[in-house]
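Peer 1: Below you'll find the structure I mean.
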Amino acid sequence: RRQTKTTQSTAPLRYSCFFVYREFGWRDPELPEVIQMLQHQFPSVQSNAAAYLQHLCFGDNKIKAEIRRQGGIQLLVDLLDHRMTEVHRSACGALRNLVYGKANDDNKIALKNCGGIPALVRLLRKTTDLEIRELVTGVLWNLSSCDALKMPIIQDALAVLTNAVIIPHSGWDNSPLQDDHKIQLHSSQVLRNATGCLRNVSSAGEEARRRMRECDGLTDALLYVIQSALGSSEIDSKTVENCVCILRNLSYRLAAETSQGQQMGTDELDGLLCGDANGKDAESSGCWGKKKKKKKSQDQWDGVGPLPDCAEPPKGIQMLWHPSIVKPYLTLLSECSNPDTLEGAAGALQNLAAGSWKWSVYIRAAVRKEKGLPILVELLRIDNDRVVCAVATALRNMALDVRNKELIGKYAMRDLVHRLPGGNNSNSSTSKTMSDDTVTAICCTLHEVITKNMENAKALRDAGGIEKLVGISKSKGDKHSPKVVKAASQVLNSMWQYRDLRSLYKKDGWSQYHFIASSSTIERDRQRPYSSSRTPSISPVRMSPNNRSASAPASPREMISLKERKTDYESTGTNAAYHGNKGEHTSRKDTMTGEIVLTPHIYKLIVSTQPVPQEPSRKDYEPYQPFQNSTRNYDESFFEDQVHHRPPASEYNMHLGLKSTGNYVDFYSAARPYSELNYETSHYPASPDSWV
C-alpha cells in the first residue's frame, strides 16, 4: 500500500519533471537534465531523478561512465546525508548499479574519492529502515570487490558493519538462541550483504586480517551464525558460506601474525613436534653439538582431557585456533551440501593444521579425536574438483601428526590413489576430469603420507598407486602439466628410497628407471621458482632459516629437510562458488580466491571472495547475481571481477551431501589386505585412536 500511495502522489511530479514539452509532444529528459535535477529544491524531484538514473544505468556501462564524467556520483553521495528517507532509498539504488561490475571500477574509485564510504557508513549507523540498510550494505559489498577499496572499507566500515549489522543480526549478544531467531537469521539480506563485504575485504592482506581478528565480537558472532545453522536446512545458506570463508581467511598464518604465535620460542615448538616414526626420544644435534631433549612438555595434549593453558573458555581471537572450533567445521563437512562451504571448512582446517605451532599440533590431535579423518576422506569421493583439492591438502597437513599419518596411510590410501588419473580400473573416468591442480595436491598428500613411513609406501604400492604415478611421470605435455609430472615423480623418488621394498617393486615388474628417471628434471627445476595456479607446485623456492618468522622456527624435521635440500613449495588455490537462485532478488555472485604457501611441512591457504558481474534479467535495478564457479590465480587479484561462463546445468543440481552414496566408490571390499604394524608415538601416547 505504501508503494502504491507513493507512486500515485508523486506521479504528477514525476510526469512534469521527467518529460519536457515540445511542439509535437513530450520527450524523455536528457542525461544532463536528470543529473541537474539531483540538486532540485524539492526532495520528491531529487528522489525521482535518482530513481531514473538507477533505471538508465542498468546494464549499460557507457551510461554509468557518462554519469561519472558529468558529476552524478558526487551528487548522489551528497544525497546520502539528506533528511528524507525516500531520497536515501533512491540514491542508494542508483549508487548500487553504478558501482556494479568489473568494468566500473572507476566508478567505485570515484565514489570513494567523493567521501562515499563514510557517507554510507553514517547512513547505515543512523537509519532504521530495513530496505535502506539492505541497499547500503549492498553498495558496500559491490565496492569491496575492488582491491583499492578493501582497506578503506576496513578503516571506515568494519566497526559499524560488525556492531550495527553482524552482531545484532547473528543473535550472539542475546540470551539463549530462540527458534524464531534461528528461522530469521539466514533470511536476513542485511547480514548476507555485510558478511559478503567482509568476506571480500578479508583477502586484503596481513593488516586487514589483523584488524578483523582484533575487532571485538566479530569472530564470536561469525561462529555463532555457523553454530546456529548446524542441524538445520540453513546450513547451505549464503550467509553461512560467507562466515566460513571469512574464518578461513582469518585462520591464515595465525602463528606468524598473532602475538600468541610470536611469543613461542624454538625450544617450546621443537618439544611439541611429533617425534620420529619409532617414537624414540632421541637426542637432537645443534650447532654446538648434541643436546638432550627437554622432558615432555606440560603443554603437550594427547587429544583427550583438558587443554593446557586453557583455564577459561576461549573468546574473541582465541576462538580461531582453539581445538573446540574443530567440531563445527567437521559438522559442516559432514552435513553441508554447498560446495563453497565444504571447501571453506576444509580450507580452514588446512590453515589451522599447518606448521609446528602448538595450536596446530592440538588441532591435528582434535581432528583425530573427533573422528574427522574419515569425514575428510569421504569427501575425496565427491565429484567436485575444488572440494577434493581442499580436502586433499587438509589431509596432507593432518599427516604431519605421526598417528594421523598412520591412520591415513592405513585407511585412506585407496581413496587417494583412486583420485589419480590413469590406471586400468573403470572408475578412473571421474579422475580424468580433475584439474592438474587437484592431481598435484593429491600427489603432495601422498608424498607426505609416505615420508618416513615405509608401511604407508607399501600401502601405496598395494593400492595400485605405482602404475598411476608412473603413467603420470612418463606422460607427455599433452596429458599433464609439468607441475603434475614433477609431483608424481617426487612421490616415486621417495618410494624408491625404501630399499626393503625394492624387491616388491621388481616383483611387480617395475625397475629403477620407473622411479628415478625424472629426478634430473626435478633437480633442474629446483633452480627456479615455479608459478602455478592454486595447487602445490613441486618447484621450490629456497628458504633459509634466517628468513623464517619468529613464530615458525626450524624444527628438527625441518632442519633435516633443509639439509636434504628440500625447499618450500609455492602454489595457489581455487574455490568453487555455490550455484543457487534465492528467489526474485537473486544473490550477488561471489567467488573465492586464495593464496597457498606450501612447505615440506606447512601448507596454508587463504581464500577471498569477490562479486563477479553477469547481466541478470531486466529489472529497474541491478540485483546481485547467482553464484557460479570461478577458477583463478590467487596471487592475481585483478581477476576478481572476471566474468566466467556458467557450467552445464547438471552441475547446479548435483547433490553433494554426504548422506547419498551415488558419487562414492567403496574400495575397501576388494582391496588387498594391508600389513598392520602398530606404531607407537611418543607425542600422543594416551590418545584412544581409531578410524571410526
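Any Cβ shown, glycine's included, is placed from N, Cα and C.
Pasting the relevant annotations from TrEMBL:
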{"type": "REPEAT", "residues": "71-104", "note": "repeat 'ARM'"}
{"type": "REPEAT", "residues": "115-158", "note": "repeat 'ARM'"}
{"type": "REPEAT", "residues": "371-408", "note": "repeat 'ARM'"}
{"type": "REGION", "residues": "521-588", "note": "region 'Disordered'"}
{"type": "COMPBIAS", "residues": "529-538", "note": "compositional bias 'Polar residues'"}
{"type": "COMPBIAS", "residues": "544-557", "note": "compositional bias 'Low complexity'"}
{"type": "COMPBIAS", "residues": "560-569", "note": "compositional bias 'Basic and acidic residues'"}
Peer 1: Taking residues 6+ outside the repeat 'ARM' (115-158), which of them lie with a CB under 8 Å of any CB in it?
Peer 2: 73, 77, 80-81, 85, 88-89, 92-93, 95-96, 99-100, 102, 105, 108-109, 164-165, 189-190, 193-194, 196-198, 200-201, 203-204, 207-208, 211-212, 215, 588, 610-611, 624, 637-638, 640-641
Peer 1: Using DSSP, how many residues of the repeat 'ARM' (371-408) fall into helix, strand and coil, respectively?
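Peer 2: Split into helix, strand and coil, the repeat 'ARM' (371-408) gives 29 helix, 0 strand, 9 coil.
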Peer 1: Grab the pLDDT values for the repeat 'ARM' (71-104) and give me their mean, rounded.
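Peer 2: Over the repeat 'ARM' (71-104), the predicted model scores a mean pLDDT of 96.
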Peer 1: Could you break down the residues of the repeat 'ARM' (71-104) into DSSP helix, strand and coil, giving a count for each?
Peer 2: 25 helix, 0 strand, 9 coil
Peer 1: Please list the DSSP helix, strand and coil residue counts for the repeat 'ARM' (115-158).
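Peer 2: The repeat 'ARM' (115-158) comes out at 37 helix, 0 strand, 7 coil.
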